[in-house]
């Protein structure tokens, strides 16, 4: 299948701004597999947590639910801290950070045991002057550190260019230090929490159908922001996938709301539909922001310790969000209340475990593929939920021709986008192989 971009189709070249945007084909395939695993986990979570919406086990606390799910990430600090303690990375983190910074000529001369100056005499000749090491005197300038007693060698006119070893030059692809990882986790956890809290609040204030439809606008936000930050390229295939997925979501939710319209009680009607719809749009926007910014900052999973980043995110949320609970309780926006029954506690704990594993896999899937693919992949929970309904007594009535058509559109949009991503990754890998052969 060939995807036609809005601009003429062409192979990426080394000077192309799109060069380097696509992961290798093997990494891309692994990312798709991780994404499908996440969709299965999220679909299972939707079925498991359905009892928290209504009935004797109902426990509608959007902020507290989001807080508990986010706090579970702190568990990742345990294995991450053990790895860093075992390798001694915590004590050498500062040294690695300094080593990554660009070195000036004076720093290189004063910190090298046997100082070697590579002075370019001509385009074809290089003379090396080696002088014994002297203890560094920070108060002396480079000019004073070279006293008249230093050995002199007659040279041709000296060019100002100095060759510095590659290991002392900053590597833009170097792995983030612990401090840098914590900085990324700080802003990421804030945006992630806002996205999830907005979604949970929308479910509490508005109808499920409305929330589902408006939340699916994430793909449009992701494509727009991705183009602005140069991590996505707008193509006809991506636009088609976003529109087709959105239409499919509308068909499924409309079919579902039509079937259940006569079964809705007055108590289950939306309490704040306008606020709920606004929260749904905010959730879609915040989700797109954190996915795009994470892709911009990291690029791929080799740039940072993902477990350490999630662990810091959980720790920051635990510490800084505790003062919010008294405020919400005092303003009567969300009264503090623990799960009422043992069943509710079980559901909450299981949901925390699913969040702990699925969000970690989801971040890896995004870093291995593209933000647009994982965004469209969110809608795959709908066809997976329809398949799950076949095995639930009494749930088959919710499956209609319209819902099946909508599910097919969602799956088709994901397939089209995934195939284009595979082709882009294969082309990128072929280009890199050709460059290495040259």
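A Cβ is built for glycine as well, from the same backbone N, Cα and C atoms used for every other residue.
Note that this is a predicted model, so its numbers are computed, not measured.
Annotation comment: TrEMBL describes 28-52 (among others) as transmembrane segment. Sequence-remote contacts of a segment are chain residues at least 6 beyond its ends whose Cβ falls under 8 Å from one of its Cβ atoms, and for the transmembrane segment (28-52) they are 22, 58-60, 65, 343-344, 347-348, 350-351, 354-355, 357-358, 361-362, 364-369, 373-374, 377-378, 380-381, 384-385, 388, 392, 418, 421-422, 425.
Feature annotation from TrEMBL assigns transmembrane segment to 64-85 (among others). For the transmembrane segment (64-85), the residues of the chain that approach it from at least six positions outside its boundaries are 52, 178, 189, 192-193, 196-197, 200, 305, 307-308, 310-315, 317-318, 321, 325, 334, 336-337, 348, 351-353, 355-356, 359-360, judged by C-beta separation under 8 angstroms.
According to TrEMBL, the feature region 'Disordered' maps to 134-156.
Marked as compositional bias 'Low complexity' by TrEMBL: 138-152.
If you look up TrEMBL, you'll see 202-225 (among others) marked as transmembrane segment.
The transmembrane segment annotation in TrEMBL covers 237-254 (among others).
With a threshold of 8 Å between CB atoms, the same-chain residues lying at least 6 positions outside the transmembrane segment (274-296) that come near it are 184, 187-188, 191-192, 194-196, 198-199, 201-207, 210-211, 214-218, 221-222, 224-226, 229, 231, 363, 366-367, 370-371, 374-375. What TrEMBL lists as transmembrane segment is 274-296 (among others).
The transmembrane segment annotation in TrEMBL covers 308-331 (among others).
The annotation transmembrane segment is assigned in TrEMBL to 343-365 (among others).
Sequence-distant contacts of the transmembrane segment (372-392) (same chain, at least 6 residues past either end, Cβ-Cβ under 8 Å): 31-32, 35-36, 38-40, 42-43, 46-47, 212, 216, 218-219, 222-223, 226, 232, 238, 241-242, 245, 248-249, 252, 287-288, 291, 362, 365-366, 398-399, 403-404, 406-408, 410-411, 413-414, 417-418, 421. Taken from TrEMBL, the feature transmembrane segment covers 372-392 (among others).
Residues or ranges marked as transmembrane segment in TrEMBL: 398-419 (among others).
Between the transmembrane segment (237-254) and the transmembrane segment (398-419) there are at least 3 Cβ pairs closer than 8 Å, counting only pairs 6 or more residues apart in sequence, which means the two stretches are in contact.
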